[in-house]
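Notes for the one structure printed next.
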Amino acid sequence: MFDRIEDAIEDIKQGKMIIVVDDENRENEGDLVMAAEKVTGEHINFMIKYGRGLVCVPMTEKRLNELGIYQMVENNTDHKETAFTVSVDYKECTTGISAFERALTVKKLVDDNSKPEDFTKPGHIFPLRAKDGGVLVRAGHTEAAVDLAVLAGLKPAGVICEIIKDDGNMARLPDLLEFAKKFGLRIISIEDLIKYRMKNEILVRRVAQAKLPTKYGNFEIVGYEEILTGKQHVALIKGDVNKEPVLVRIHSECLTGDILGSLRCDCGDQLHAAMERIGQEGGILVYLRQEGRGIGLLNKIKAYHLQDQGLDTVEANIKLGFPPDLREYNIAAQILKDIGVKKIRIMTNNPQKITELSDYGLDVVERVSIEICPNHYNEKYLKTKKEKMGHLILEV
């Protein structure tokens, strides 16, 4: 359905437009997107005539500050936090509204020789302030446009325009696919762009390393930090991990289960079972800071409250406005690659974890089951994981 990110990047490099689609649970929209430094009056005219949305120019915060172009409002109450700045025109434009004068303004925004006094305000071009870190920080069209320009080796700025149907309603995916076919444009998703960046960029750095004696044996503990977010994770290494395939457990943080001994889940039991087996056989335990299947500790406690009222773990997440599972494993894959591991035997009951690790370039040669005997408090939880989340659990 969607084109390859590599092909889209090549089109951006050549000055072509593409269509970028965001998540159906977000805006569920498609934008025409191209590199700002490649724009012409013809491109702007196409966007106005066929896209029909608002022509905007996503740029970095650094560049906008250099040009003295600041936020449109001090308190941004837009529900998607789209960071509009004051609109601008290039000072030598007449009205600034024609397709060709708008293109001139865009070109001057990315011209290294431009100065703040070269622009009049307000105008007819709407710069947007992209978040540092791009789509890995905010999964919006603003960040996607800047990311694509950078990946194409161009200046970090794009031109975007929403696609609206003939009847005035927003074009959704079926309409966008038809639009792409009609005009011969590539179409990609922001989700695929996120995966591309996660797979091809280094997003963690090794910060510290020390010996860690435990009741399961003597481990080496290695501390990692995510470059974009500062979030911290650790890996416990036992024995020689140069002999592949390596036994691996990727464990997501669970304060209530891992530390407080909660009987509501099987997390603590799984953690200690994994440490014991790795302590005996050698291997790696990656401990990820994504509490509550990614929704955070306080939201997990809210989910517990809903479960006390009869909802299951999936229903509780959805009631709170979250997917059943928000966890991601790209950081774990990068940690394993940093350690030098590529071929693994993964201790998990979660097939999605295997799929994601494989997508990020690891060779998963075996799934090692990690069965925990259910108790009165977590039996419903385990059944829900098995029946609704596809976990390969035999004991319930």
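In case you wondered, yes, glycine gets a Cβ from its N, Cα and C as well.
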Residue in CYS161, CYS254 which Swiss-Prot records at the Zn(2+) site where CYS265, CYS267 also bind: CYS254
Listed co-binder of GTP (same site as ARG249, ILE250, HIS251, SER252, GLU253, GLN270, GLU291, GLY292, ARG293, THR348, LYS353, source Swiss-Prot) among THR313, THR384: THR313
Distance from HIS124 (site 'Essential for DHBP synthase activity') back to THR348 (GTP binding site), taken between C-alpha atoms, in Å: 54
Those recorded positions, out of HIS124, ALA139, HIS141, CYS265, CYS267, ARG327, that come within 10 angstroms of GLU291 (GTP binding site) at the Cα: ARG327
Near-site residues: Zn(2+), ref CYS254, CYS265, CYS267, CB cutoff 8 A to centroid: THR256, GLY257, ASP258, SER262, ARG264, ASP266, GLY268, GLN270, LEU271
Nearest of the recorded positions (HIS124, HIS251, CYS267) to ASP31 (D-ribulose 5-phosphate binding site), judged by Cα-Cα distance: HIS124
Around the Cβ of ARG293 (GTP binding site), the count of other Cβ atoms that are within 10 Å: 23
Greatest C-beta neighbour count within 10 angstroms, which of the binding-site residues ALA139, CYS254: CYS254
Recorded positions compared (ARG249, ARG327) - highest count of Cβ atoms within 10 Å: ARG249
